[in-house]
Structure formats: C-alpha cells, structure tokens
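Asker: Mind having a look at this structure? Questions to follow.
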Amino acid sequence: MGSPWKPFLLLSVISGLSDFARAVAARPISYAAVLRMKADRSSSVLSPRSIPRQHSSGGLATPDWPAFSSHPLSALSLLSSQEDYRSEESEEFGPVFIQEPDDAIFPLDSDEKKVVMHCEARGNPPPTYSWYINGTEVDSDADYRYSFIDGNLIIANASEITDFGKYQCKAVNSFGTVLSRDALLQFAYLRAFSPKTRGGVSVREGQGVVLICTPPPHSPEIIYSWVFNEFPSFVAEDSRRFISQDTGNLYISKVQPSDVGSYICLVKNTVTNAKVLSPPTPLTLKTDGVMGEYEPKIEVHFPTSVLAAKGVIVRLECFALGNPVPTITWRKINGNIPKKARLRKSQAVLEIPNIQLEDSGTYECKAENPRGGTAFKGHLQVYTLPQWVRMINDTQMDSGEKLQWECKATGRPRPTYRWLRNGLPLTPQGRLEIVNGELTVHKVQQTDSGMYQCVAENKYGAIYSNAELKILGRHELLRVIATLGKDVSLECKPRASPKPRITWKRGDRRIQIMLLRNNTLKIVNSSRADEGNYVCRAENQLGSAEMTAILWVKEAMRVVLSPSRVEVTVGESVVLSCKATHDTSLDVAFQWFFNQRPINFQHDGGHFEYIQTQSSTVDLMIRSILLKHAGKYGCRAQTSADTVFAEAELLVRGPPGPPGVVIVEEITDTTATLSWTRGLDNHSPISTYNLQARSPFSLGWQTVKTDPDPVTGDLESAMAVELNPWVEYEFRVVASNAIGTGDPSAPSRGVRTKEAVPSVAPANVSGGNGRRHELVISWEEFQNGEGFGYIVAFRANGTRGWKEKMVTSADSTMYKYRDETFPPLTPFEVKVGVYNNKGDGPFSKVVIIHSAEGGELIFVDFKGTEGIVSYWKDMEQEESGKKQRTVKNETSMGPASAAVTAKTRKAPPAQSPTNLMWIQEGNNVSLSWDPVKAKDNESDVIGYMVMTLWKNIKQSTCHNQVTRTINPSTMLSLPEGGTYIIEVRALSEGGEGAVSSQVRVVTSSGKLGAGFSPLTTSEIQSLCTGCVLFVAILSPALN
C-alpha cells in the first residue's frame, strides 16, 4: 500500500531546494523532520526550544504528523510566510521546568502571612499546574487558604500543623506530565520557656555539675548561651566551663566559690533571631566539706555515629567533669586529623570545615587529669547527594523501534533509580524492561509517547533527569482503536503554509458531520459499523496531501478486583487479584494504586509485591500488614483502546491508637484523678486502659494501681492510687484490645501530689570520720512536704535514753554531734526520722556508728606481734622523738617503716565564760556574758554553746536543751513550772572550752523545794548521759 498522502501538485526540485534553503536558516528542525534522518534518532543538537529540560541539554522535537510529501522536499512542509500558523513559537512540546520549588523556612511571627511556593514550566500548549503536599493533591476549592497564581502555590494563614511537609509541583500539557523535585516547607518559631520555678542545684566545692537548659519547642536550630546572675552578664567558656550546642546544657568541670549564683539559659532562633530566657537555676555550695580529687568523666560527647554532608562544617563536642580540671586531646584512629581542622573552646570542640570523603573515620577524644583518664570514640561518615554522570535526552522514534535510555549518577550511599512516565511510576512488564538506571522499551508505540523522568536518589536526596519521547507515525497508515459505545476522535494536523483546507472522507463519501474547529473528526457512540478507513485531505494553492486512519472498534474491557472488601489483623498478609477481560488482540498493562496514589514497589517492596500470574491477571501481595496499610486499593488496566479502574477496601484490625490528651482533674496526697479521650480502636473494641506514671524517683514509666481496677474500655476517667506524697508525677494512658497493646498517649502536664505525714524513713544511714570527740551521722536526702526536716536520734551503746536533734534543712544529709566526755571510737546506736508540717514520720532502722578516732592520735596497723612506734614534731629530729612499744616478744627488731605526717589541733580555750548576767521576763530569759579570748597556744573561739538543764530528783529524770550562738548573748524561752540550770562553754576547732559557773532560773509555779535540788557538775554528767536533746530553744513541757 502506498503512502496515505497523495500528491496533488508536483513541485520542481529547484524550487523546493530554494525554499528549503530559506527554511533551514530559520528552522533547522524542519530539515530533520522532512528527511526523516535515521542515523541518529536521539540527536540533541537541533532544538526549537530556548529553555533546556531540567538536568538535560535539550532535545529534538518532531511534528505530530509526517510531512506532506510526494517528494522528499515538500513545499507544504518547508515554506514560511506571514500566514504560517505553525512557526517556531508554536512548535509543540511537553512541559520543561524553568523554576522548581525550593526548600523554604517560614517564620510564624512574620508580618507577611502568606507562603509562596514557586513553580514555572514552559511548554506548548502552555502547561497547567497542580500541587501535592506530602503526596496529597492540594484542593483549592476545599480549602480557601490555598490559591494558584500561574504555577505558584499561595498559602494564606500558613500553619505548621497543616502545612509542614514536602511539596511537589506537577506540570501537564497534552504531550505529557512532569513532576518537580520535592521541596521541604518548614516553619521557624521559638516558644517561651516553661515559667515553672526551677529547683536549685547544690554541690560541694571541687565537684562537677551540669545545669540543664531544657529548651522550649523551636524550629529550626537554636544557639545556646548562659547568663550569670543578670543579663547581659554571659558565662565565659574556658577549660572549666562549657556550653554544648547539642544539648544546650552548661557543664562546669570543677565548681569554685565564684560560681555560686543564678544561671539563666538563653536560646536564639537562627532564622528569626528571636531570643527567650529560662527561669533562673540557683547554684549553691554545700557546707559539708570539699570534694577531693577524682578522675575525669566525659559528660557530653559527639554520637558514636556522625553523618555529615560533603562540604559542610562538622563540629564534634567532648567535655569532661573532673578535679583537677581535665585536659581534652583529640586523635583520628588509623590516620591524621585533617590539617584544616581547628580546636575551639579550650579544645572541647573539634571543627572540620568543608568536610570531604577522605575525612571520614573514627575520631577519639581523651580527657585526662592527674587522677586518671577516659576516652570516647565515634565514627564520622561523610555522605553526598546524588550527582548526574549521564542523563537522558529528548528522543523521537518510528513506531516499532527499540528505545534504550540510560541515566547514571554518583553519590554516597550509592543511588538507586526509578522511572516515571507522565508522572506515574514505571514497572517492568511486557515490552518494558528496567534494570537500575537503564530503561528499554521494545517495539515502541504511539502510547509510549510522553514525558519520561529518571530519578536517582539515596537517603539524603533525589535528582531528576527529564526527556520527551515522540513516536513518529509511519507513512503507511495511522491505526486508531476505539471502545465499543464510546466516543472517538481522529485528529488531522498537517504542517503547511499557507494554511491548508481540511476535508475528511470515508471511502468515496465525504464526511462533514461532527467536524470540530481544529479539524478533528469526532465519532459519537462508536459501533462496529464505524470501522474502516478514514482519509484526511489537506490542500492549498501549492499542493495537497492525504492521511489515512484505520479505525477498529473493540469490545469494552471489564476488570474484576477480588476480594472487594477484606478484613485482616496487623501482621497478617493478603493477596488482591485483578483480572481483566478484554479483546485478545490487544495487550493489557496493569498498575496498582493505594488511596489514589500509585504504589512504588521499589520503595515499598518490604510490604508490597507485584505478581503477574497470567497475561490478563495480576496479584498484589501485601505482607506483614501494618495499620497504615488500611485503605482503598485500586487496579488500573489499560489497553490501547480502553482504561478501566477497580477498587477494593482493606480494613486492618490492630492494637488501639494512643488515647487523646490526658488531663489531671484532681490531685491528693496519694491519688490523682485522670481523664482522657478515646483513641482509635482500629476495628477491635478497646478492652482495658493501663495508667502509667513517671517521677524523678522512678526508672522510666511505671504502671500504677487504679480505682476502678481494671479500667475497662468504656471508661474515659480513672483514679491512680497509692502514689507517694509530695512527688511530681507525669501520667499517660495506654489502651489494649484483643489484638494487643497500643502506643501510649502523650504525657500529661507535671503535677505534684499533696503533702502528707512522711511514711518513708531515710535510707542508708551511716557515718564515721570527723574530728576528735565528734559523732558524724549521714543519710540519703528525702523530701516530703512543706516544713520537711529530719530528727536525728542517738545514744551511746548500752545506755537507755535517746538524744534527739532536729535538722530543719530539707537538703541536709549530715549531722555532727560533739561531746568531749566520750572517748574516740565510741559505738553509738543511731536512727534518723523525718517530719513535716503534717506531723512526724517513721525512724530508720537502728545502726551502729562509731565516733571519730581523733585528730591528735596516730594509729599504726602492721603485721606481726611486736612493734615500736616513734613520733616527733616537725622541728624535731627522729632521734629525739618519743617511742611506744607494742606487744612484746623475744625476736629482734626489724627495719623502720616510712614516716607518716599527722597534724594535731590546738587545745580549746582554758578560760570559761565569766560575768554571766540575765534578765527574766516571765518565761523568757535574756542571757549575756563576757567574750572569751583564746591564748596563742589555744584554738580561736568560733562561738558559744549554752546548755540548759532541768532535773527531777524524785523521778530521776533530766532534760537537756542546747543552744549555739556566735555572739556572747542569747535569748532563752523556758516552759512554765521548772527550775533550770544554765551553763555556757566557748567553742573552737580544738573542741569545747571550760564550763562557766551555773545560773539557776525558776519559772512561774516552779519551786526550789521538795523533790528538787541544785545540780552539781558530777550529777549533770552522770544523770544526763541519757538526756533527751532538743534543738534551738525548744524544751519539753513539764509533767
């Protein structure tokens, strides 16, 4: 069969060449189109487009129809004139991006309340646009906040909750569809710190400390700094102090007295420059001693695995606590630290600019001081985004030829590839093969025309290479396949100038019915009778040509997707089968969709598998189903004549979703009433709720007892019981059903239970050490309620009465008692109790603690049965020192040990307080005395101890009240009805001084008569061994 285009007018070769020469100068594409050059179908050197394709160097465009020609140089194809209706500007081609959307960060406090995401593409016909947010198409009709200006997306009143995510622009015209790269829209904000008062931090001098910043919600990154006492006095970083830009915390390796004060964390948003200040954190020093030297402990360090993009600046942090202040050193395992690296912040930060692949490796930071050292290692890995090595170009081919495209990219990790045609994923099937970055289409057809995109991606990014494929019709015939009962259009778009006149005919009969303005012939409700040859004839004064289209009408395709509705449980698998019934002369292609979006089997291969069972049947295997897989699954079957879509619904039963916001409705000392809202039951009724709590004293989240127990699934409130008083709790709720236990709710706000009488005694009561004549008692800190304190009770082993001391500081963990009457290493029975404003709590178990050995004694421990201990003063020689022999035997004397230095203290003042004077007003006594001045060989006076005693001779009981003061005066409050004896002693580092003379005071209703007698010193010492000790000026009521 000859060419469908019949020549109407023979033109001279010379005239054609002349016209051709002019045409080539203006439109080089025409030459390629007319001569049908087959040497290089994918040549990219000739292009009518001023804008190249994204990531491409341009491409060759071809006309939709073959040139009108009975001669290879047809004037209808080549002539140009003012009437040319298909000039270079009207050359038709698919969309080409001029501008794609970029990542953006929008400040929420910006005066400009609109976000603009840019997108622009060139094409002929001009493309139309649509946008996707996180894979969902933007519907401007459903949400007034979205609008379009050209290709740009305008978002009014942007919100992080609804608008944060990945954006993609789609450009479409009649030649195909292209998708832009993803653009991430973020929102910049910086909330305020919680106004809740922060607790103070108390440490010993020389101890390390970490002050926690706990930044407020923010986006994106923030910069941390700390204010000392008041703004703008900033903490200066040095070898002892470090501010981590990862955690935001302030680290002080060794606390000094100058560090005492108030610390405020200041954070600054890197985008908006907004700043907020935290509530102050007080730092104080404990008074129970100075921390000795200890080896370093690395408190903040870089992760064990650090990922960094090539070309960025990498900062590795490493800082340690220790006494003395540790020094930080760095090294690279099996290599050298790059020369470009710099050490910042007293070597606590290793900074590597312009990171490259060769900088990858294991880095170690080491912290050392004279007490020891410790090290940390982490691996730095540099990644790169994909970069093109080979891209695809626009290509035109004849029907039946084989298309081979290859795209190749570098990157770390190595990129993977996927292919799109007109914005939809391509999968290997039938004539189409995909092997990584290679795409092969055998025997291309008109239906293969369109816009193709090769996507190279790794976990850090994706790049697109775009190209258009045009399939040229052969000269013989144009075949059109229609579906029975549907409309079909036959297009006729010849290239000619002057503009030709178009006529259609079928056989010998001319057709004029349903001829559209663009010369397209439309056949409505096609039937078998419409099959046959249709001829389009184009003619002008220079000639004519014809095109023949053969129309076949096929039965409509039917698709059955089974099962149409299926219920499964999380973890199970299911198979959906899609079967197409169609004309066997046509090939069918299938595509699977999930919630209207094509399934990407390369990305979702862990759960989805495409299975071709027969030529007309495909299965979708869904493995290890998760809750997110619930939804509608679609199967689209497509032939050259028809496209049919069917859907099935998949319901997934699983553990419940997290309950809604948890609210603490009421709080008592041991209970908390909680309420919440129901979460999703995920198609299985909720059976029970589990209430969990977290406190500073718990190891993570713990299940709490409830009322009612159990909390059934129909409830939305319950009471947590058996909580500890005066403890700050957070609560959350977990739902369970027959399938399993779901995710927990978000934590509630922190609340503190009410105070109550303490029910728990202090733990780990111990002691020892101290100075001569001292009993040192320590315990673990425990707080409960306002007015909390400790009651320390002790007595010499074997005695009856307990001495008691009230320690009013809730932060105290130690008490020292001094009495020169007991010898060193005297055993004491000790117990520690607790109290608060609500009452007294229990005592701990009784433990045995020995008093101090004494600063003036030297104890020598050695093996053997005999020894001689020599001791002498610093200014003396060893030979002049005194000697003390231990247990004796008959053996000879061995060599001497190394000398040990011990320092004794000066004796307490020998002078007693004199000239005691008092003024009595009722039960109050104002007492004063002359100050005691220590001699040169005596310890300095640091205060006074006033002891008040009351004795009942008949009952053989006495009470002892001690008051300490740094002044030579005090005020005593004595209960009614008693006779009291008052003595005063001076206090010094060497111990208690001599006792003053006694003062006797009688309060109202007290009688110095029957049953009472003055107390002698020996009586005081003998009778008050078991006296009850009261703090400050409190005294027991008389019986």
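The backbone N, Cα and C atoms fix where each Cβ goes, and this holds for glycine too.
From TrEMBL, for reference:
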- 1-26: signal peptide (SIGNAL)
- 95-180: domain 'Ig-like' (DOMAIN)
- 195-278: domain 'Ig-like' (DOMAIN)
- 296-381: domain 'Ig-like' (DOMAIN)
- 386-470: domain 'Ig-like' (DOMAIN)
- 485-548: domain 'Ig-like' (DOMAIN)
- 557-651: domain 'Ig-like' (DOMAIN)
- 658-756: domain 'Fibronectin type-III' (DOMAIN)
- 743-765: region 'Disordered' (REGION)
- 761-854: domain 'Fibronectin type-III' (DOMAIN)
- 879-914: region 'Disordered' (REGION)
- 909-1006: domain 'Fibronectin type-III' (DOMAIN)
Asker: Quick one: mean pLDDT on the domain 'Fibronectin type-III' (909-1006)?
Answerer: 80
Asker: Give the residue counts of the domain 'Fibronectin type-III' (761-854) per reduced DSSP state, in the order helix, strand, coil.
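Answerer: Summed by class, the stretch gives 0 helix, 44 strand, 50 coil.
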Asker: Short question: most Cβ pairs under 8 Å with the domain 'Ig-like' (557-651), which of 95-180, 386-470, 485-548?
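Answerer: Between the candidates 95-180, 386-470, 485-548, the best contact partner of the domain 'Ig-like' (557-651) is 386-470.
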Asker: Do the domain 'Ig-like' (386-470) and the domain 'Ig-like' (485-548) share at least 3 Cβ pairs closer than 8 Å, excluding pairs fewer than 6 residues apart in sequence?
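Answerer: Contact absent: fewer than 3 Cβ pairs fall under 8 Å.
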Asker: Per DSSP, what is the residue count of the domain 'Ig-like' (296-381) in each of helix, strand and coil?
Answerer: 3 helix, 53 strand, 30 coil
